[in-house]
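The feature N-linked glycosylation site is assigned by Swiss-Prot to Asn109, Asn120, Asn133, Asn155, Asn168, Asn181. Look at Swiss-Prot and you will find Thr303, Thr350, Thr463, Thr466, Thr472, Thr616 tagged as phosphothreonine. The annotation repeat 'LRR 1' is assigned in Swiss-Prot to 97-121 on the grounds of sequence analysis. Look at Swiss-Prot and you will find 123-144 tagged as repeat 'LRR 2'. Feature annotation from Swiss-Prot assigns repeat 'LRR 3' to 145-169. Residues or ranges marked as repeat 'LRR 4' by Swiss-Prot on the basis of sequence analysis: 170-194. Feature annotation from Swiss-Prot assigns signal peptide to 1-31; the stated evidence is sequence analysis. Positions annotated as transmembrane segment by Swiss-Prot: 243-263.
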Amino acid sequence: MAEARLLRRRRLCLAVPFVWVVAVAVSRVGANTEGDALYSLRQSLKDANNVLQSWDPTLVNPCTWFHVTCNPDNSVIRVDLGNAQLSGALVPQLGQLKNLQYLELYSNNISGTIPNELGNLTNLVSLDLYLNNFTGFIPETLGQLYKLRFLRLNNNSLSGSIPKSLTNITTLQVLDLSNNNLSGEVPSTGSFSLFTPISFANNKDLCGPGTTKPCPGAPPFSPPPPFNPPTPTVSQGDSKTGAIAGGVAAAAALLFAVPAIGFAWWRRRKPEEHFFDVPAEEDPEVHLGQLKRFSLRELQVATDNFSNKNILGRGGFGKVYKGRLADGSLVAVKRLKEERTPGGELQFQTEVEMISMAVHRNLLRLRGFCMTPTERLLVYPYMANGSVASRLRERQPNDPPLEWQTRTRIALGSARGLSYLHDHCDPKIIHRDVKAANILLDEDFEAVVGDFGLAKLMDYKDTHVTTAVRGTIGHIAPEYLSTGKSSEKTDVFGYGIMLLELITGQRAFDLARLANDDDVMLLDWVKGLLKEKKVEMLVDPDLQSGFVEHEVESLIQVALLCTQGSPMDRPKMSEVVRMLEGDGLAERWEEWQKVEVVRQEAELAPRHNDWIVDSTYNLRAMELSGPR
């Protein structure tokens, strides 16, 4: 008996290490499979700029590679290779990235077909293959991506018909298949009923209701038949009276319906006039691309006549109201407050169109607008998690503080959104008021840049030279304040201040700091603490010990590079994105330190009472170490 028990114990002791090894192996299988899949992609692509140099197959998993983001379980959830000057072809192994949510390959020179295996990426939220050289058909399997919200395949050479399976994606919000060689009838059911001809433009062989061209053999486009309510049941004794009344009513309805249908048909033949000539109160269903023109009455009903109880916030451009549309969806309605001048309507509409064309997952999508002789309103999706500013400083007692990992995601996401405005919009869009209050948070706490384009929109009554400085004290770049001239580098400055808000949880301008003899400007306050080597005092107390020290230092370095006094010395937002992804920050910081060594002797004493212009003096080189 004793020998038998001893034998069982020995077997158990041998089995436990074996089980542990198997468990470790299993935990790495997913990461290794994903790493192999991404390395296959690297081998298939031509990388002229060595952006994939860090994709090393000898590493345990791909989570340390540049342009790859993983979740806490070390599974790949994001691949960002937009505008990387890549060529070559995609590989079917991409279908093994089971947890992938974002696949961004836009603005490259990738060719070949879109792999059917992408349909296996059932967690995908965004698929952006815009501006490449893809050929062949759109895979039918993409209809399996039931979480997809953002699909851009435009500006390629895709052919064949649009798969009807795509209509089953009920979550789809943004669709662009324009500028391809697609043919056949555009589906009009399911999610496709939301999309208008701009989503399918410049595909000469496409036809159907989603385009401006009817399909061969199909009747001309016509308005839907009028709704006929069911006839109520009447007793036999009233049948004759009902018949007579019904006949009179039918005749009257016909008398009024025929001219109305004819007028509607005539207007459908002239869609180019919809945007400019139709008053919103008379035709709320006018669209510009995917942009809806709402009636004022519709927005009054949605916001309970702009009730104060529905105010979400107030800003330099007006008040924002929470509203609920007739379909039940929640929206944020921005009621612009600028006075109206004659002749501004066309410019307003042009700027609204420009804003609507800026589509990126980190930009707040404009859903619609309303314009009357006395009102200008913009309609956006409602962001349930509010703004970064409200989450940092106005959260409810039951709301947890923003975790450090969430803050770093916000930093990167907002940088990507601003980079898109600067580098991918034509003409480029300068925000001019980048701050934590204008960075919104969606249901997944992803950063969404809001209020972009509004500064230009509100200057439509001015000349081409903008004379008004728009922005918020503490965020305004010194050159913008002194000259009134804005550029993308003024946005970079505001972004740097926003990073400091994320790190510290404090306001960019706060008179309350005077009570402790501190600087009212956040940038000056941060620099003062760094000079005193009190980096730990910078971190938001709400985080307690839940932050990564070297990541805090990296974010501070990026913030200081972004807030340099000279706009020429600040990085571009695209460079900021790369630095946040771990590419080039050490080199840029070292270069900055060398310059500071030269400047040290000439550095002036700090100013304590400069409340308007943020300090542009840089720190001594030794006051913040490089990455550890």
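In case you wondered, yes, glycine gets a Cβ from its N, Cα and C as well.
Closest to Asn133 (N-linked glycosylation site) by Cα-Cα distance, out of the recorded positions Asn168, Asn181, Thr303, Thr472, is Asn181. Ranking the glycosylation sites Asn109, Asn120, Asn155, Asn181 by Cα distance from Thr303 (phosphothreonine) puts Asn155 first.
Mapped onto three states, the DSSP output places Thr472 (phosphothreonine) in coil. Taking the repeat 'LRR 3' (145-169) as a whole, pLDDT averages 92 in the prediction.
Neighbour density at the Cβ, taken as the number of other Cβ atoms within 10 Å, is lowest among the recorded positions Asn120, Thr303 for Asn120. Closest in space to Asn168 (N-linked glycosylation site), of the recorded positions given as Asn120, Asn181, Thr472, is Asn120, taking the CA atom of each residue. Distance noted between the C-alpha atoms of Asn181 (N-linked glycosylation site) and Asn155 (N-linked glycosylation site) is 10 Å.
Separating the Cα atoms of Thr472 (phosphothreonine) and Asn155 (N-linked glycosylation site) is a whole-number distance of 38 Å. DSSP assigns Asn120 (N-linked glycosylation site) to a helix in the three-state reduction. Sequence-distant neighbours of Asn155 (N-linked glycosylation site) (same chain, 6+ apart, CB under 8 A from its CB) are Tyr130, Leu131, Asn132, Ser178, Asn179, Asn180. Secondary structure from DSSP puts Asn109 (N-linked glycosylation site) in a beta strand. Here the C-alpha separation of Asn120 (N-linked glycosylation site) and Asn109 (N-linked glycosylation site) works out to 24 Å. The repeat 'LRR 3' (145-169): residue composition by secondary structure is 5 helix, 7 strand, 13 coil, according to DSSP. Of the recorded positions Asn109, Asn133, Thr472, Thr472 has the largest number of other Cβ atoms within 10 Å of its own Cβ.
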